[in-house]
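Look at Swiss-Prot and you will find 19 tagged as active site, backed by sequence analysis. Here Swiss-Prot flags 19, 206 as Mg(2+) binding site, drawing on sequence analysis. Under the heading substrate binding site, Swiss-Prot lists 20-24, 36, 64-66, 68, 70, 187, 193-195. Residues or ranges marked as active site, proton acceptor in Swiss-Prot: 67.
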């Protein structure tokens, strides 16, 4: 964390579970994909607010490893929307100094979509103002397993002793290993769970739940979440008195 203007404490890394697209559409008697399309506007709004506030990293849970279980026509529509959004939004991201990273297991995606992911990442690779991470075919359990497998290969190859494996080493092998841990995790749609998202990384994150469906979570809602975060005291196992005595930011 760091102090920003007017001594408002802003999270370095915000993670969001974008929930409620289907229910938003159903409420309006629209097909589910209409909710996902409307959700793109909310993504734009949240990026704007976070970048303006001084957030460094925004990670969005776009498609979980469990979402493949949804109806085939819905999954197909989501993949098409993802492809279109990547190609349409990459120029604007680049113009605004935003770097895009896709995290998750890409092997199950169509080669055309995988290529679009690589192209979008390459087009924005030099940007440093803000990092947008999109979690696609991602699961927190998968992330921990692939990190453990990387360490196991190091041990098997004689490059690492098993007793030298630490929490820090494992964390560094996660797909977000080179980024600060999330300070704030937001979930929209009224549900109160993290649904296999960034399981390791969210260990000390502040959780914020909104009843708004994702397409309705825009500028004002994002600012409200950041304002709520700035009022919290993050203790990391210490007492309030210890935190206050250290005279560090209360978030």
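Quick reminder: no glycine exception, Cβ is built from N, Cα and C everywhere.
Structural mapping of features recorded in Swiss-Prot.
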residue	record	CB count, 10 Å
19	active site	24
22	substrate binding site	20
24	substrate binding site	24
64	substrate binding site	21
66	substrate binding site	11
67	active site, proton acceptor	16
70	substrate binding site	15
193	substrate binding site	11
195	substrate binding site	14
206	Mg(2+) binding site	19
Cβ neighbours of residue 20 (substrate binding site) where a neighbour is any other Cβ within 10 Å: 25
Separation of alpha carbons, residue 206 (Mg(2+) binding site) and residue 195 (substrate binding site) (Å): 16
Residue 206 (Mg(2+) binding site) - helix vs strand vs coil (DSSP): strand
Nearest recorded site to residue 206 (Mg(2+) binding site) by CA-CA distance, among binding-site residues 20, 22, 66, 70: 20
Alpha-carbon spacing, residue 22 (substrate binding site) to the residue listed as 'active site, proton acceptor', which is rounded to whole Å: 13
Integer Cα-Cα distance in angstrom, residue 64 (substrate binding site) to residue 19 (active site): 11
For residue 64 (substrate binding site), the three-state class that DSSP assigns: strand
Cα-to-Cα gap, residue 24 (substrate binding site) vs the residue listed as 'active site, proton acceptor', nearest whole Å: 18
